[in-house]
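Let me begin by presenting the structure, written as structure tokens, before commenting on it.
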Amino acid sequence: MSPYRILAATALVTLISVSGVALPYPILAPLFLDLAHPVSQFANLPPKLLLGAILAIYPLGILIGSNLIGAWSDRFGRRTILLWTMVGSALGYFLSAQAIAQGNFLLFALSRLVTGLFEGNLSVARAIASDLHPKIDRTKAFSWLSATTYGGYLIGPLLGGVLLPLGAPVAFTVAGIACAIAVGVIAVALPKDRPASCGQRAERHSLALLRDPRIRAFFTLYLLLMLSVNGFYEFYPVWLLEVRQFDSLDIAGATVLLTSTMIAVATLVNVRAKQRLGLARAGMVGMALFSLPLLLLPLSAGHYVLSFILMGAGIALYNAMLPSFLAERGGDYGQGALMGLMATTFFLGNVIMALLGSALALLDTRLVLTLSGLFGAVAMAQFGHLHFRRTTWPRPVSQAPAEKPAAGGL
């Protein structure tokens, strides 16, 4: 089967899946805080507390699932694991719809946890894209996969907002149908594959890779970067609300600006940046474009447009370069475990910053953004020090020619 057909099918599955993931985003807050829905009533606890529990339990599920599912795809095959976990995601959304219809908070919480566990399968899509190298350059494959991910985060909330007047169960049912369609795409369009070859080390879970000091060093700096980006994602709406008195429509407009920049850079700039600068330098440029404007954002008096454009470009750059770098320099570990580790790190950063950022936001939301910018700057400096000065991740001896940068080196 053509590698481009495999990449297109994987990108389509990612678009459908992420749209389903993002579809409930505009639904949960009104469901718990505005509509007085029965699902928002449990044990006489405040609805805000119940909403916080629901918001936390889903990324916790993804955190656990990402650690396991990527590594399982090395052991049992990408298509098999992606297919069955997508089935689980669909069932999770249907269970959520049923829980809301019944007004059952505990069942809804369980359904969100189960859905999160199976949604850890996005690391498998990245592993499939990585496996296509050298037929398709990894940076190109990751860029297109990232672009479809960003597109899903645009389509999902818009669709959720349109469906909410029809009832929250309808919206979650549509998300389940989207995942069911993705199951069909996987079954028809993705070829059967074999588990990791004997030349690769298949781990039971991604965190087992941290035994390797090289992987542990990458994990440390990547966690700092993920703390940075999650602090930004989770609290820039609060900052815009406080500083500019933005309503939900205004915040959506700012999000569209950010996401559109990511899509444009991922599709038009990433491959050229890699060819001119090499993976490492292009990745550092991405981290700089993201973290430095973020550091200055609290001082901007609410003028966010230029900062969001620069940060969107930075996110798109490092989201393609760093996975390619780890895939190339990560030793003989399976790509599923490596991509699973990156996904696990992202959601670990999500959980940590939700807790840490909430505490800091009680004092001043600008403190959260400043700390997030510092985390990103430290991650950039640490990456440069470990790669260029200490050569922590040496180039593999058998390096495919197609992966060599055209200029600039690594």
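All residue numbers here begin at 1 and follow the chain in the order shown.
Every residue gets a Cβ built from N, Cα and C, even glycine.
Note that TrEMBL annotation is computational and uncurated.
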**Fill in**
Which range of 4-25, 48-69 is transmembrane segment in TrEMBL? It is 48-69
**Item:** Surrounding residues of the transmembrane segment (170-191) on its own chain - C-beta under 8 Å, 6+ positions past either end
**Value:** 1, 5-6, 8-10, 12-13, 16-17, 19-21, 23-24, 27, 78-79, 82-83, 86-87, 89-94, 96-97, 100, 128, 159-160, 163-164
**Message:** Let me spell it out: take the transmembrane segment (219-239), skip the flanking residues so only those 6+ beyond its ends count, and list any with a Cβ under 8 Å from a Cβ in it.
**Reply:** 209-210, 246, 251, 254, 287, 290-291, 294, 297-298, 304, 311, 315, 318, 322, 341-342, 345-346, 348-350, 352-354, 356-357, 361, 365-366, 368-369, 371-376, 378-380, 382-383, 386
**Asked** When each of 141-164, 251-271, 338-361 is checked against the transmembrane segment (48-69) for Cβ pairs under 8 Å, which one has the most?
**Response** 338-361
**Request:** Kindly state the mean pLDDT of the domain 'Major facilitator superfamily (MFS) profile' (6-391) in the predicted structure.
**Result:** 89
